[in-house]
Amino acid sequence: MLENDLKFLEETFKQYYFDHFDLIHVPDRSKEREYGYKKFNSGMIRHMSLKTDKDLHLMLMTNVPSDVFCSNGYYSFPNLPMAEKDWKEADLIFDIDAKDLKLSCRKDHICMKCVSCAEISLVQDACPKCKSNKLDLVSLPCQNCISGVKKEVLNLMKILTSDLQIDDKNIRISFSGNEGFHVYVTNSSYNQLGSNERRDLIDYIKFQSAIPERFGFPKNNPSRTSFPDLGDSGWSGRVAKELFGSKSKRSKTITKVISDGQVAYQQKLEEMKNSIGVKIDSNVTSDIHRIFRLEGSLNSKSGLAKLVCQDIEKFNPYIEACLIEDKPVEILANFPIKFSLKNTKFGPYMNEKTSVPKYAAAYMVCKGIASISGT
Amino acid sequence: MISLGQDEIAKYPFLAEAGQYLKDKGFTLEQFATDPDLKIIVDKAYERIESAAEDKTYYPELDDPSEKETTLPLNVFSFLIAIVLLKLSGLNTLINKFSLAEARRAEKFLQRDLVSNSDKTSEEFAIKIFRDIFSVTIKKTGGYFVIPIPDYLKHAVNFHEREWKLVNRHVENGMVFLSPRESVRLIRWKLSGYIGSKIKSANTPSMSDGFEDKVKRLSTLAKKFVVNTVVTGAYPPCIEHAIEVLNKGENLSHSGRFMLATFLLGRGQTIDEIAPLFKNAPDYNEKVTRYQIKQVSGETGGNKTKYACPSCEKIKSNNLCYITPDCDNIINPMQFGRKRL
């Protein structure tokens, strides 16, 4: 990162932290958690312990981190090396990200940035300027992406509260500060589960590894009555809805399923993971020693804040999580696609100098599509 | 501790406090070693171990009410004396085989008790075993038993078959629905572990002349399972540890077995050379072992993939790493020793 950009982001992040101590708190049982942070242009520092909000705020002011993290795990000795921490339990956390949903809008707001010459262009095979094929993708997610992720979050919520019977008082949803949402389950009997057990739970939520026998089609003598019903609870009901559509089509569909055979049915069930499985990130949920972005802190991939959503359906991250001030800043921007923040449209920019509010400048510098003018 | 009636103690003798039980019945260990009338019990005890060593389940007749009075003490005593003989022999291989066989035996009773609608006491007792010994709260709902999802997952992860995956279970309101057979199957490994740990933690009595001959015979019986392996210094500590675990007749986890097999295959050993290493595993079955090594070696299997030895990182995360300075920053056990040449 260029020196001017680095200085700008550090000052902006520091100002944000100073102005928003009210949003940044240590979570429950802070003494048992591990903290970590990253600075701009530098690696991760982990295995820290912070006991109170005061400790946290002091750390933010002293180090001006680009990103701040806190563990889902609870330990006896959170600041010792991993093997000596003495793991007790971990909150169950799910991550749903727009990039994993394969939405059709994605191609409309994605660009590539050449690693060799920093040229920004629409997606193509090689850099149009230097022909390098070392390219980074830059995505500025749109409202459609956010709606897609919200839909997945709501599907996940249904499984958590009904199939898994988790009290919704113990579930918290946060915007991740970039392209997705984190769903936290705390104080539940699931906290004690290890990685392997969580992996099994993940397969359940993603509807992975389902077998035909469980969904009504044994190897020998399949019976019409054993197929799932639309009114069934859990996956049986969801599979029935996906398979039959409506009650009236059930009988006809079963006849076809049986005549197509068990292997075809297995294939159908496998495909269903794409349509009815919830698209959570397996690596996140199975990790019981992970550190997660701290709620209230800024995400250095966007300059947006990670925030708890009280009402996910109404939550608009590009307004509510955009908390940096709006003082004008001169930038040199280069991004051929439009985007919107705080109800204001920006771009496209064809390698031009422009003046934008600080939150938009921070967003673009974080995304690597603008520089602070004066370089 | 669960309080036991006559009937229960015969089905689940491992729940009894051995010493106390003998005392309550007015016997001493010495009597079993010396009294010719009690020799039949010592013989039964030996048979019980022998059948376990041959992977058979000792399944005495408990159902005939006319025999009940005489059968009961014989079954409990033979179990208790079997433990005495095993402790005197100190042979872990046999203790593990015995624990697994006794678990299978108890499993049959548990399953029967869970479905015996006529006998409420037996059903309640079986449910109590789940709760008190395995911390699993099961409740009867119609013909099913329901278990909270977290409890289910803790046990089900030990199975590799897809049917045990949560997605392939009837799940409702935070509960998993299981048939009596499945409920019992779920805790089998824990049950044998429980029996094994009870035997291992029991005091070893002093040797009596009357037991000596049987204990000697146990050593001969166990020899079948002893493997003479040549462990050279060139094996990394994780592999040496895995071989040691198997030699002691202790259970090596699935990932441990996979690591060992892939490592030795990688070092050019053949299936014939590797398979006998697993001979001492409590669940050893030659056919299954050879099949699995063949799969790993790529000789058989759908896509004929030859699996490579997992990385040190993966081994670490499976708690199978016993790093020493000799490991010298290698990232895969296959590299062990190579750098020093």
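The backbone N, Cα and C atoms fix where each Cβ goes, glycine too.
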May I ask you to find which of B:Cys309, B:Cys312 TrEMBL records for the [4Fe-4S] cluster site already listed with B:Cys238, B:Cys321, B:Cys327?
B:Cys312
Below 8 Å Cβ to Cβ and six or more residues apart, same chain only. Which residues does that give for B:Cys327 ([4Fe-4S] cluster binding site)?
B:Pro236, B:Pro237, B:Cys312, B:Phe336
Residues close to [4Fe-4S] cluster site centre defined by B:Cys238, B:Cys312, B:Cys321, B:Cys327, Cβ within 8 Å:
B:Pro236, B:Pro237, B:Ile315, B:Lys316, B:Leu320, B:Tyr322, B:Ile323, B:Ile330, B:Pro333
What are the sequence-distant neighbours of B:Cys321 ([4Fe-4S] cluster binding site), meaning same chain, six or more residues apart, C-beta distance under 8 angstroms?
B:Cys238, B:Cys312, B:Ile315
Averaged over the domain 'DNA primase large subunit C-terminal' (B:230-322), what pLDDT does the prediction give?
84
Counting other CB atoms within 10 A of each CB, which of the binding-site residues B:Cys238, B:Cys312 comes out lowest?
B:Cys312
Helix, strand and coil totals (DSSP H, G, I; E, B; other) for the domain 'DNA primase large subunit C-terminal' (B:230-322):
52 helix, 0 strand, 41 coil
DSSP three-state call for B:Cys327 ([4Fe-4S] cluster binding site): helix, strand or coil?
helix
